[in-house]
Amino acid sequence: MNYKKTTSQHNDSENVIKKLNLLRIKNFQINSLVRKDSGMKLTLNKPFQNIQYNNNNNNKDKYKDKDKDKDKDKDKDKDNNMDKGKGNDINKNKNNITNRNYNKNKKMNYDDDVDNHGDKYEYDENKNTINNDEEEKILYKTDAWLIKPTKKYQGFFTIYKNYIEFVNINFHKKNRGKKKKNNINDTIFQKKKKIWNLDQIIEIINRRYKLTHSALEFFLKNKASFFIDFLNNIERKRAFKCINKLKLKKLKNFIEEKPSKYLKKSNLTEEWREGKITNFEYLMKLNTLAGRTYNDLNQYPIFPWILKDYTSKKIDLKDHNIYRDLKKPVGMLNSSHKKELEHRYKIFKNMSDSEIPPFHYGSHYSNAGTVIYYLIRLEPFTTLHVELQGGRFDKPDRLFHSLLHSWNHSYESLSDVKELIPEFFYLPEFLINTNNLNFGKKQQEGMVDHVELPPWANGSAYEFIRIHRRALESEYVSQHLHHWIDLIFGYKQKGPESVKAMNVFYYLTYEENINFQNYNEKKREAIQSQIENFGQTPIQLFHKPHPKRLTKNSVQFVKLNPSQIIPKQFQTFSSKKTIIYSTIIRNRLPIFGNDYYLWIIDTNYNIYQLPTNFTKDNFKYTINTINNTHLQYSIKIPFKMKKKHIKNCICNLKNSVKYIIGGFWNNSFLVLNLYEAKRKNLYIHQHKGIVTCIASDGNYFVTGSIDTTVIIWKFQLETDAHPQLIHILFGNDDEICSVDINTDLDVVISGSKDGSILIYSLQFGNLITSIQIKADVPKFIKILPQGLILVITENLSLQLFSINGMPIKKIRNLAPIIQWEIIHFNQILLTINTKNILVVRDINTLETLNEIPFSDTISYFLYSQLYRLMLVYTKNSKILLGKI
């Protein structure tokens with residue numbers, strides 16, 4: 001079937017790339033597992049054009065004088081929208097999403113793109129030219145290749161004092177006679193230069209490229225990464241040494257030694273054995289150390305087939321019979337293959353004149369073809385597949401169309417021994433034909449469309465991923481995963497033990513069999529081509545049997561008894577006030593009996609500090625009443641927000657004593673240090689309407705307003721500096737009523753009164769996708785680390801979406817929810833309703849696990865997993881405190 005990209009198909013194809021980049025963030029890093037896939041591009045949906053302005057009509061006068069002074073020092077360029085704002089254009093197209101960048105000379109300043117994000121997509125000579133001669137001095141320069149999942153680029157790699165630069169030497173040839181585009185969303189195909197700030201690099205790891213130790217992979221603070229091949233080990237060491245001399249402060253890991261030695265020094269395996277990290281996290285980190293990366297499809301991360309039951313209507317994860325035998329490679333799962341594999345190995349072993357060492361399998365469990373096969377429904381893998389097939393899709397029966405078919409084929413055929421990829425455990429979208437691609441008709445079973453799921457998934461890709469992930473973290477897999485690690489990363493990967501396990505692959509998949517110095521150019525090219533086609537065996541990490549896990553499974557996936565979540569009994573204290581907000585903070589100067597403080601806000605918006613006395617031996621607590629302590633702070637500017645929405649207007653910064661409070665009539669928000677409240681008050685005025693909601697994550701926080709805008713801010717907690725404005729986000733047509741932010745997922749979301757939820761990139765401020773809730777208002781929204789968006793609406797419903805906007809679950813006709821908390825590794829949802837019932841739910845399914853009624857009317861409750869406390873505040877001025 002010919003592959004013809006119509007206009008609609010092209011738009012859909014681009015849109016799905018934008019959506020899926022949100023969750024394809026499981027790139028590798030030793031210290032920070034969750035990473036953004038640097039090979040994908042976050043861009044805008046078609047209805048919204050990415051236009052950047054320094055100013056618009058609202059702020060034009062505010063910065064007018066400083067812009068004039070700035071323009072005098074630069075060449076006048078009428079087409080340069082980055083230097084002169086075209087505010088009038090905003091009114092012409094209300095759908096345009098504007099990402100406003102403020103220069104350092106302006107009042108609301110923030111770092112340039114390179115400083116903020118480390119990865120700058122377009123080099124602006126006027127903006128980024130460094131005048132300091134010392135900074136311009138070249139410390140190191142060499143020929144190199146920039147490796148991307150879709151292509152590699154030849155150029156020059158240069159290290160300066162403060163940044164790294166890669167220049168694409170084929171840029172002029174490709175773009176000769178073409179007008180240069182000035183769109184920040186252009187990919188490197190149109191770019192001459194690509195630069196990364198050195199202070200954004202947090203990890204550098206030695207890498208192989210085509211089984212040659214000649215590359216480095218750089219991991220950035222924004223969780224992106226880039227992969228540079230230096231062509232030989234000598235140049236790589238020189239680059240390594242040059243960067244090492246700079247002594248970068250933010251560089252956490254500089255892994256030059258062998259991965260196996262590094263692993264021995266780390267406590268990674270012990271953390272896994274003790275259940276401190278999940279099976280998924282451990283496998284990702286092992287993949288990282290073994291040289292697997294998203295930047296090279298031939299070295300893509302490897303995950304095992306877990307289940308073998310793809311026909312049952314229901315599945316019991318406690319039943320050991322549903323699992324694949326992790327002691328055997330895929331080719332040996334079918335016992336009837338044993339004789340054939342032994343015979344094949346003996347034939348090559350007895351061929352004395354053969355240059356090919358004996359092997360069991362002529363194909364490999366991981367290569368670029370395997371990755372493209374699984375991800376064919378996503379771009380850029382759709383395009384890569386079409387290119388490999390000469391401009392058309394492969395025959396429908398040979399495409400990835402059914403999990404049962406793929407499992408049976410791997411089980412029955414010795415020519416297909418591929419394992420799985422990480423997306424099988426976190427990305428439901430790769431199973432869905434979002435773009436409505438015409439893959440053709442199979443010979444017997446109809447058209448190829450979405451991937452056919454097992455019956456126990458109930459036709460839901462999300463349900464399949466959820467169950468499949470839990471299967472990976474199950475007791476059986478936890479107790480047997482070390483056997484599979486021995487095969488892929490361990491002592492059964494090579495040598496006599498690999499022969500016994502029937503785990504020997506074609507010799508060109510092993511790096512010790514490759515020595516390009518002994519080959520002429522023609523043979524070298526032929527071998528490199530074979531390496532790319534056959535696959536590459538990971539770097540060996542273990543030379544002895546991998547130890548077994550001590551615990552049955554990770555603490556994060558232990559199925560809790562609801563009775564273990566809620567305290568069985570509560571102590572009662574009197575507060576003398578009705579509490580509408582509370583938090584608990586460790587005392588910065590702890591003394592005996594006062595290790596923690598409760599900070600509370602009453603109905604008059606007065607802030608109190610309540611000393612507590614915790615006796616850990618018998619778990620008795622004492623809380624002083626408000627009459628026994630002093631008023632810490634009184635919010636003098638009147639609140640606009642209703643008391644029931646107060647939680648949306650207050651947030652804590654990274655478990656510090658700094659709080660952000662919004663909801664004031666004068667359109668400001670307050671930055672409050674709880675320990676210095678009487679001395680320092682910082683009110684920030686930027687919105688043109690009342691700040692209705694605030695959320696934070698790490699050093700970032702986001703504010704939403706009646707003026708329909710959302711602003712991303714960055715706070716340097718180590719200093720007393722004012723918050724830096726990063727992006728102003730547009731696109732909402734009504735008042736913002738809820739926001740949230742997740743730095744790991746690089747996502748900011750906003751919900752407005754018109755029922756729309758917009759999802760933006762934190763790094764670039766670009767709109768990625770949107771969700772529309774019909775005839776309802778998202779009162780509360782929350783981004784969960786597992787890639788879910790929880791929405792609580794005003795019309796008494798709970799809704800669950802994937803981070804790419806796919807609806808998953810909806811529960812209607814609930815009692816009005818007045819407050820909620822997410823606990824136990826983001827697996828449990830607690831809600832309090834107007835009937836004073838505490839409802840415990842599984843957040844992945846929204847299934848009710850337990851309900852606890854209270855006799856008093858509840859005004860607020862606080863649940864602290866860290867301090868193992870639950871406090872319930874009532875309207876008759878009681879504090880109920882219980883030990884979890």
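The backbone N, Cα and C atoms fix where each Cβ goes, and this holds for glycine too.
According to TrEMBL, the compositional bias 'Basic and acidic residues' annotation covers 59-92.
What TrEMBL lists as compositional bias 'Low complexity' is 93-102.
As annotated by TrEMBL, domain 'BEACH-type PH' applies to 133-244. Summarising model confidence by region, the domain 'BEACH-type PH' (133-244) averages a pLDDT of 82.
The feature domain 'BEACH' is assigned by TrEMBL to 257-549.
TrEMBL lists 45-117 with the feature region 'Disordered'.
Under DSSP, residues within the repeat 'WD' (684-716) fall into helix, strand and coil as 0 helix, 20 strand, 13 coil. Look at TrEMBL and you will find 684-716 (among others) tagged as repeat 'WD'.
Residues or ranges marked as repeat 'WD' by TrEMBL: 729-770 (among others).
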Per the Cβ filter (under 8 Å) with a sequence gap of at least 6 from its ends, the repeat 'WD' (684-716) is approached by 58, 108, 110, 116, 640-641, 645, 648-654, 658, 660-671, 722-730, 732-743, 748, 750, 752, 760, 762, 765
Taking DSSP helix as H, G and I and strand as E and B, the repeat 'WD' (729-770) has 0 helix, 24 strand, 18 coil
